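Enquirer: Provided herewith is a single structure, encoded as structure tokens, for subsequent inquiry.
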Amino acid sequence: MAPQLLLCLILTFLWSLPEAESNVFLKSKVANRFLQRTKRANSLFEEFKSGNIERECIEERCSKEEAREAFEDDEKTETFWNVYVDGDQCSSNPCHYGGTCKDGIGSYTCTCLSGYEGKNCEYVLYKSCRVDNGDCWHFCKPVQNGIQCSCAESYLLGEDGHSCVAGGDFSCGRNIKTRNKREANLPDFQTDFSDDYDEIDENNFVETPTNFSGLVLTVQSQNATLLKKSDNPSPDIRVVNGTDCKLGECPWQALLLNDEGDGFCGGTILSPIYVLTAAHCINQTKYITVVVGEIDISSKKTGRLHSVDKIYVHQKFVPATYDYDIAIIQLKTPIQFSENVVPACLPTADFANQVLMKQNFGIVSGFGRTRERGKTSNTLKVVTLPYVDRHTCMLSSNFPITQNMFCAGYDTLPQDACQGDSGGPHITAYRDTHFITGIVSWGEGCAQTGKYGVYTKVSKFILWIKRIIRQKQPSTESSTGRL
């Protein structure tokens, strides 16, 4: 009986197996849905594994600390977290005029391009010529709702409306160091006289003959005698402890020769037929010859001689104080420009006062004495001198510093200009263009402690200069003599 009962139980178990299998194992579609919904539990030693952004923050919600572990970088973590928390606030491109958007939590920040401001860079800033010269390379003029840039003679305004492109090989103010620039077609020679103001009567000049022996021009008379030495300022302006100005580095330098062929004053080339100098130089000789392109007067290899046609001396020149110490020499034949002979650029009055004379340094050059009571230099010397504020300038001098003058030089360093440099250029460079800012005028000794060189302030005479140099345009041919 027992064996029969055991057999019956075995048969019953085998008959029930298919039904049990169908209850234990799910169909494939149901099983797949179940697996897709299953979340991963933290595995063993997970805290010791390197971060993974997909595992930490995409498969399940993460904390900022976990995101930092995944990125291992604070900036990347912040960028991710700002979007992760509440979406990308920059997706709508809220920043105008090329501004850059940075997402935040519940907000965003726009970094605006220059000239724009506001939360969305929606406001266009009003540019001012008083701030960085309005980004102009040369001249800046206020206009309605902004500024307008323009360029010096022989330059073209760039496509960006700010830069100035040299219009030829020998554009003004470019020495041999700054000549390797992009060139453009040179427009016809012309001068704009409309934008300059001047505190001085434009017609205040006296035209002199080429033979001006014993002539000192004042407001009252052209027939005064030669200036006598007294307790007046000394026209001993001078380049002391300067360096040699190599060929082409001071191409606007002119040298005035007396009737014996000796150099006695300097000058600045303004145009093919006009040279700027000091009024006090005019009474020092019977005849004047102008030399350009020379750097070594002992060799006489590179210079060109030019005869003088007319000389214009400011009618208000005061020999006793050197006020209005400015004159213009008109040549009989035009200067032939080259790499070594180039005019200095003439600035506008505003540009000179607000930009150039607020630079740290100016450049003075000449053939004058290299030390007080020393010999004149055979080679052209150049020195870089700092501008001196007006209050310091006036306190340092025993003589009047008028509104038509400014000081430059060092308080203690032995660098200055010296006798024989009078009338020469004080140049200021701005964006690789060199502008005439002063005329070497007078000083108390040479490079003396606590004393500075005094210069005629060219910005006071811009219109006066232009009224003269526009009277005659240069001829198409030049005729010059060799030294």
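Cβ atoms here come from the backbone N, Cα and C positions, even for glycine.
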Enquirer: What residue among Cys140, Cys149, Cys164 is stated in Swiss-Prot to be the disulfide partner of Cys151?
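Expert: The record-listed partner cysteine is Cys164.
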Enquirer: Identify which of Cys250, Cys281 is listed by Swiss-Prot as the disulfide partner of Cys265.
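Expert: Answer per Swiss-Prot: Cys281.
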Enquirer: Have a look at Asn241, Asn283 and find the one that Swiss-Prot tags as N-linked glycosylation site.
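Expert: Record lookup, Swiss-Prot, feature N-linked glycosylation site, residue Asn283.
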Enquirer: Can you tell which of Cys101, Cys110 is bonded to Cys90 by a disulfide, based on Swiss-Prot?
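Expert: If we follow Swiss-Prot, the cysteine bonded to Cys90 turns out to be Cys101.
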Enquirer: Tell me, from Cys112, Cys129, which cysteine Swiss-Prot puts in a disulphide with Cys121.
Expert: Cys112
Enquirer: Suppose we draw a 10 Å sphere around the Cβ of Ser92 (O-linked glycosylation site). How many other Cβ atoms does it contain, all chains included?
Expert: 9
Enquirer: Could you check which of the recorded positions (Glu69, Cys101, Cys136, Ser422) sits closest to Cys129 (disulfide bond), going Cα to Cα?
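Expert: Checked the recorded positions Glu69, Cys101, Cys136, Ser422; minimum Cα distance to Cys129 (disulfide bond) goes to Cys136.
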Enquirer: Look at each of the recorded positions, Asn283, Ser422, and point out the one with the fewest other Cβ atoms around it within 10 Å.
Expert: Asn283
Enquirer: Using DSSP, what's the helix, strand and coil tally for the domain 'EGF-like 2' (125-165)?
Expert: 4 helix, 15 strand, 22 coil
Enquirer: Quick one: what's DSSP say for Ser92 (O-linked glycosylation site), helix, strand or coil?
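Expert: Assignment for Ser92 (O-linked glycosylation site) reads coil.
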Enquirer: Taking every protein chain in this structure into account, which of the disulfide-bonded residues Cys101, Cys281, Cys393 has the most other Cβ atoms within 10 Å of its Cβ?
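Expert: Neighbour-count leader: Cys281.
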